[in-house]
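Q: Dropping the structure in here first, questions after.
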Amino acid sequence: MEKISVGVRFRPSTSSPHSDSSRQWQISDNAISLCHLNTPISGYTFAFDHVFDESLGNAVVYRVLIKSIIDAAIDGFNGTAFAYGQTSSGKTYTMNGSEMDPGIIPLAIKDIFDTIHKTSEREFLIRVSYMEIYNEEINDLLVLESQKLPIHENLERGVYVAGIREEIVSNAEQVLQLLKLGEENRHFGETNMNARSSRSHTIFRMVIESRAKEEDSFKEDTITDAVRVSVLNLVDLAGSERIAKTGAEGVRLKEGKHINKSLMVLGNVINKLSEGGKQRGHIPYRDSKLTRILQPALGGNAKTSIICTVAPEDVHVEETRGTLQFASRAKRITNCVQVNEILTDAALLKRQKLEIEELRKKLMGSHSEVLEQVLLKQRNDMHKSELERDRLATELEEERKARYALEHRILEQEKKIENLMNLSVSAHFSSACSQKKVGERSATPDEAHFLAFDHLKTPNFKCPSIDFVVRRPSYKELESSPIPDNFADVADEDLWTRLNKGRVTDLEAFQMTPPLPVQEFPSSETSLVVPSNEELQAKNYERLEEDLHDVRKQCEALKEQYSELEEENNILKEEKIGLTDDVACLENQINQVKSEKQVVLKELKEEKRKLNDLREEVRRLITTFSQKEGMLTSLYSKSRAFVENTKTAPIAPHE
C-alpha cells in the first residue's frame, strides 16, 4: 500500500507588488496559510508533502515529485502524474515547459532513455500514444482527423482506448517530435483569463516493456520468459473555469461546461476514495471518460503524483482554496502497487533482435540496418492488423447483439398481434350470434314470463334456451249451448228446458263436491309484481342493445390497436431488413479483411523466409569470417615466429 504523493506549486503573481490587498498566502515549510495582515485565517491552513513557491523551476518539481515514478516505471511499476488547478494557474507550463525551462514531460522522456542506455542487462521496447478528451470525446492527437475512440476493458489489458495509434520509438528525439505533432492537433482557445487556454484534457502515455538479457548472446534462448510491462501516464488537465471571469460564450462556453463536469466527477472520485473503509460506497469511475481512463491511477495498481497549481492573487482566493481542499483529500488515497510481469510474448519483444544487434556490431555492414528496418516495419504492420481485427470484432459483436434484441422484440410483437386477433374474432362471433337471435324472433308471452323470474334461479347454472319451452297449441272453438239473448233475474222452467234441449235433469240426484282446501297467498305488500310482456321485451331489447354497443366499442378499440401493432410490426420488419443488410455488409467487410489478412500473413511468411535466408547468410558469413580470422591468426603466428627466428638466427658473413 502506498499513498499518493501531492505537491502544491504557486505560479508568479500577476498583480503589482504595491497592491492594497490585505490578504495573501504565506508558505511555511510544507504548510500554506491565508493571512490577513500577517494573521492566519481560520479554515485556510493546509499541509502537504511538498510546497513549491514561484522561485522554483520545473526541474526542481520534477526531481522532487516525478523522478521516483519514472525510475519505478522503468522497473515495471505503473505510474501516473497529472497537474490539477484552475485555468491560467500554470498546469500546461508545468507539464510541457519551455525551451529555457523544460517541463515534466520532456524531462521524463530524456530521463527514461538516459536510464535505458545505462541499463545494459535488460532489453527495452517503448511505445507511445497521445490522446485528448475534448467535450467528452476521445481524439487521437497523432492523427489528423478526430476519431471519437471508445474505451474498452478486458482481463489482459485492463482499461484501454481501442483504436489508439501507438508508435514504437527508440530515442528521445523521436518522442519529442511526436509530442510536438500532438500539441499542434490539440484544442486551444482564448479567454479573458488566458490567451492560450487548454480546452481539453491530454494524456501522454508510454508503455515500457523490458526483458533481462543472458550472458551468452549466441544461445538460442537469449531472453528470459519474464517480461515487465509498465504504463506511464503524464496528464495535463484543463483548468476549472468560472464563466463570470473567463467571459466564455458559444463554443468556449460549451467547452467550459464539459471541462467543469469532468473535473467535478474527478473530485467526486477523490472524495469517495479518501473516505476509506465501509463508508466509501460506489466509486463513480464511469461517470466521466477521464476518470475511467485514470481508474488504475486512482486507488489501483500505480504510483501516482499530483501537482496542484494555484494562483496567489487575492481575486482567486476561493478557487485556490478549492484546489487546496482537493489536494488535501487526494493525499489520503492509497494505491496497491506491484510489479507487472507477464510470461507470454505479448510484450512484442522478438528473440532475434538481440542476435541481429550482435551481428550488426560485428559485421558493421549495411545488411544489419536493412534487417532492422524490415523488423520494425513488420512489427508496426502486425500491431496495426491486430488493432484493426479488434475493432472489427467489436463492431460485429455489437451488431449481433442489436440483431438479437430486434428479433426478440419482433417475436413479442407477433405474439401480441396473434392474441389480439384471436380476441377480436371471438368478440365479433359472439356479437353476430346475439344479433342473429334477436333478429330471428321476439319473445313470446311465456318466454317473457320465463325471463321475468330469472332472478329467482340459482346462480351459475346454465340457462336453457327459450326455444325449449313448448308453445301452447291453438284450439278450435268449443261447442256450447246457445246463449240466450237476454237474461232475467229468475230462470223459469221453460228457460232451463230450452237450455238443456228438452232434457229434464234430476238436480237432487247430484252430490255436492266437497270443498277444496284454500291455499293461502302472501299479502299484497309481499306479492310479486309481474311486469307485462311489452315491458319485458323492451327491457330485454335495451339490455341487448347496450351489450351490443359495448361489444362494438371493444371491437373498434381492438381493431385500432391491431392496426397500430401492424404498423409497428411493419416498421420493425423494415428495421430488421436494414440491420440484416448492414450485418451482411459487415460480414463482407470482415471477409475482405480476413482475405487481406491472409495476404498479409503470406507476405509476412515470405518476409520471414527471406529473414531466415538472410540469417543463414549472415551465419555463413560469420563462419567464413571466423575461419578466415583463424587462418589469419595462424598465419600471423607463423609470420611472427618466422620473424623471431629470423631475428635470432646469426647472419652469415659475406665472403
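Here the Cβ of each residue, glycine as well, is placed from N, Cα and C on the backbone.
Dumping what TrEMBL says about this protein:
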| type | residues | note |
| --- | --- | --- |
| REGION | 1-23 | region 'Disordered' |
| DOMAIN | 3-333 | domain 'Kinesin motor' |
| BINDING | G85, Q86, T87, S88, S89, G90, K91, T92 | ATP binding site |
| COILED | 349-402 | coiled coil |
| COILED | 534-624 | coiled coil |
Q: At a 10 A cut-off on CB-CB distances, which of the binding-site residues G85, G90 has the highest count?
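A: That would be G85, with the highest Cβ count within 10 Å.
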Q: Other residues near the ATP site, CB within 8 A of the CB centroid of G85, Q86, T87, S88, S89, G90, K91, T92?
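A: Result: R11, A83, N194, G239, T309, A311.
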Q: On a simple 10 Å Cβ count over all chains shown, which one of the binding-site residues Q86, T87, S88, S89, T92 is most densely packed?
A: S89
Q: Using a 10 Å radius around its CB, how many other CB atoms surround K91 (ATP binding site)?
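A: The answer is 26 other Cβ atoms.
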Q: For the domain 'Kinesin motor' (3-333), what's the model's average pLDDT?
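A: Looking only at the domain 'Kinesin motor' (3-333), pLDDT averages out to 85.
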